[in-house]
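> Take a look at this one; I'll ask things after.
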């Protein structure tokens, strides 16, 4: 096995694990958007996919979940769906890529087993690429709407505006890591040279030397024949 291929698949799995953790954190975090105003300097507001929070100056955090799913804004609904699909797709890709690695003895190491492991790793890499694209869509879309509303001239300047939260940056990081992980896994499959595991020439086995005792002599002498 080429050491470069092993390094590529190991880095791909490490990046895939980090990307999945970041995607899960992005989905759970309530800091997709933040808002602070000079009218209430002791409080700031946070907007997430599942709840809204009020952060007081003393460090007290009060969160309240959304009352109704049907009453959510369309962008929040879309972000919810895509982030849940991203987490599921990234986890499935990770579960395929780990057993498909050649340093995991999870399959028969013959030619057929190597082809199965290569296929599993290829599917894991493709799913990581899909998870990266799906994860970047809601984050970038929410960021685009926030920028458009922030610079909307129809809104008076005195009205506070939502700004980027930490979850958006975490989501961009997750999408980038997913794309890198998928590219590494797919590249390791493309660059892999299948090595035959069957022996090209049979190995000669040592012959066993046995002794046959013959008692057919006239004088009943025991002779030994070498075979």
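Heads up, the Cβ atoms here are built off N, Cα and C, so glycines get one too.
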> According to TrEMBL, which of these ranges is transmembrane segment: 171-192, 193-214?
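From TrEMBL, the annotated transmembrane segment range turns out to be 171-192.
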> Go through the chain and flag residues at least 6 beyond the ends of the transmembrane segment (7-33) whose CB is under 8 A from any CB in it; none is fine as an answer.
46-53, 63, 79, 83-84, 86-87, 90-91, 93-94, 97-98, 101-103, 121, 124-125, 128, 131-132, 135, 139, 142, 146, 162-168, 170-171, 173-175, 177-178, 180-185, 187-188, 191
